[in-house]
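Notes follow once the structure below has been shown.
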Amino acid sequence: MAGATASLNVARLASLNAPRHYEDNAATRDNPWVKYTVLGISLLFFAAFLLLPLATVFVEAFKKGWDVYLAAITEADALSAIYLTLIAAVIAVPLNLVFGVSAAWAIAKFEFRGKQLLITFIDLPFSVSPVVAGLIYVLLFGAQGWFGPWLQEHDIRILFAVPGIVLATIFVTFPFVARELIPLMQAQGKEEEEAAIVLGASGWQTFWHVTLPNIKWGLLYGVVLCNARAMGEFGAVSVVSGHIRGVTNTMPLQIEILYNEYQFAAAFAVASLLALLALVTLVLKTYIEWQAARSLRDSQQEEVS
Amino acid sequence: MSIQVQNIRKQFGNFVALNDVTLDFPTGELVALLGPSGCGKTTLLRIIAGLEQADSGNVILEGNDASGTHVRDREVGFVFQHYALFRHMTVFDNIAFGLRVKPRHERPSETIIRKKVTELLKLVQLDWLADRFPSQLSGGQRQRIALARALAVEPRVLLLDEPFGALDAKVRKELRRWLRRLHDELHITSIFVTHDQEEALEVADRVVLMNHGSVEQIGAPEEVWSAPKTPFVYSFLGSVNLFHGRSAPGEVQVGGQSLGHAESIIPDGVEVIAFARPHELDIETDLSQSSGIRARITRIQAFGLTARVELERTDIHGTLHHHEVELTLERLITLQLRAGVDVLLVPSRLKVFESPAPAQVTPANADHYIASGI
């Protein structure tokens, strides 16, 4: 549900705060009809392709009344799907948070061989189709896969079970935090950390009191996007899940099953939860962007004066 | 605390940043490391602080080899060119940082920290700014806060990396006087890096001139100014006129012309370079004299106490050789100089060096006049 590469980049934030509009300047001012045509086209598209479907989700969900809606989302299989989705996100997001921070730290603050390669490979989950990502795990852990026989011997279930779903989720949400932090930390350099260390701070104190406060908005932004994707992922999870009702179905998978069984009200009820999550994500994202822009403005002021 | 560095070498890839540098910084002095960018001065400072590791050689702090000591245990104060203040902390928290991160058994109580920070804020004369954030301060204020933060942990040495480099000229001048006064109060062994010769000569007790990773000369400001030991020092400190030639008894042959000098240590017949400061050159309008070099006046600036006359050599074609002469206003009037007139340049004092490898002093950098405040 989250876009592939949304990035909190500096240029975009700066343009958000640009004090002047094109309109303020006679040289770049267009005829009013140009303005309203362009505006009209974008609003029309927005309404037709974004607003209408979103509204449909909620309309369909509540079509048969509040009781049916409640029943649909409190039904055992639906609850299990919600539970599994939360589990996958709760495991995947913190892991990717730790990974993202350490990768960004390594890339921004240290020099080592293969740095560029690492940066490139972090993007792999963005460039590869989620279905392929799922298949990788099938090839690794499936009955005919590399580790399949060994896993069977030891009676460990990864595929068609919760661990597989978590692994697939980690894979597809891998780049969000790292991608967000790398440019940020590279731009900030290491002078503040050096200052902290000269003043006697330990590595951990430096990270906690100096580095983390400087990257907190970027980090939160990455986490919010990572979470949205973790909960909404369909393709990769679909391949490794096995679609066992009440056991290995996440919310997106549950929605598909309900829909295929013509239980539209129930399908849309669960879908409305995901849509709600999307809206919450957008609000959080906007708030974080606003905060980050504010701290960026402060630091720019710092450079100018 | 005294600082010694012995045989320090540092290489970045193929670039030799420091080539076997040995230096001694006595206790309580304010020393300037002066040189053009890329001469290794900042690298040396960072090695002393422990922020950079030397490839070989030792850093000795107060008689003890500190090469293996981690930067956080070296008890140095470091001031960065771009302040490196913690942007999310108030001025107060910035200064208190070094005290608050001490291990629990060494950490002073919050009352003592408050007292100490207030004292330091008074010392840097910014006690009304305690609750501001770095972004709300001017550059000069930020650098003073950075200095207070470095002093909070009572360092044994203070290292300043181009501390005034990011400030505008007026603030820079104020701050360096202030730094000098502060040093006279505290007497903490201090080293500061600068590429600004005026700053180095004005503030420091001693100046270390560096070029291409090596030390060229060490001495008191007056000493390096009046008796430069190498061609580099001569051309780096202040404006200078440069002549390439061949030595002859008592003179330097430049093209078909000659310049007299009184140096006796130069053997005859070798390639030499000769330096004269603008005030050490005189202008003669009588072109029939045997000594002197012909040049054409291109521009006269007669304001202030003295007049600056800019000239171009007329004997060499192709490459332009600029010269600069400083005359008293009376002399200018007596000689009745105008732009476009051909004259002779006659040095009253000429410093002659045997010509080093051509790469070291090229006309390009010797002709680069550096405005001098002295």
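Each residue, glycine too, has its Cβ placed from N, Cα and C.
Database features, via TrEMBL:
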- A:82-285: domain 'ABC transmembrane type-1' (DOMAIN)
- A:38-62: transmembrane segment (TRANSMEM)
- A:82-105: transmembrane segment (TRANSMEM)
- A:117-138: transmembrane segment (TRANSMEM)
- A:158-178: transmembrane segment (TRANSMEM)
- A:219-244: transmembrane segment (TRANSMEM)
- A:264-284: transmembrane segment (TRANSMEM)
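Note: the stretches the transmembrane segment (A:117-138) and the transmembrane segment (A:219-244) are in contact (3+ CB pairs below 8 A, sequence gap of 6 or more).
Proximity of distant same-chain residues to the transmembrane segment (A:38-62), defined by a Cβ-Cβ separation under 8 Å and at least 6 residues beyond the stretch ends, is recorded for 69, 72, 264-265, 268-269, 271-272, 275. Sequence-remote contacts of a segment are chain residues at least 6 beyond its ends whose Cβ falls under 8 Å from one of its Cβ atoms, and for the transmembrane segment (A:158-178) they are 2, 84, 87-89, 91-93, 95-97, 99-101, 103-104, 122-126, 130, 133-134, 136-138, 141-142, 145, 151, 219, 222-223, 225-226, 229-230, 233, 235-237, 239-242, 244, 247-248, 250. Panel annotation: around the transmembrane segment (A:264-284), residues 1-2, 54, 57-58, 60-61, 63-64, 68-69, 72-73, 75, 78, 81-82, 220, 224-225, 227-228, 231-232, 251-252, 254-256, 258 of the same chain, lying at least six beyond its termini, place a Cβ under 8 Å from a Cβ of the stretch.
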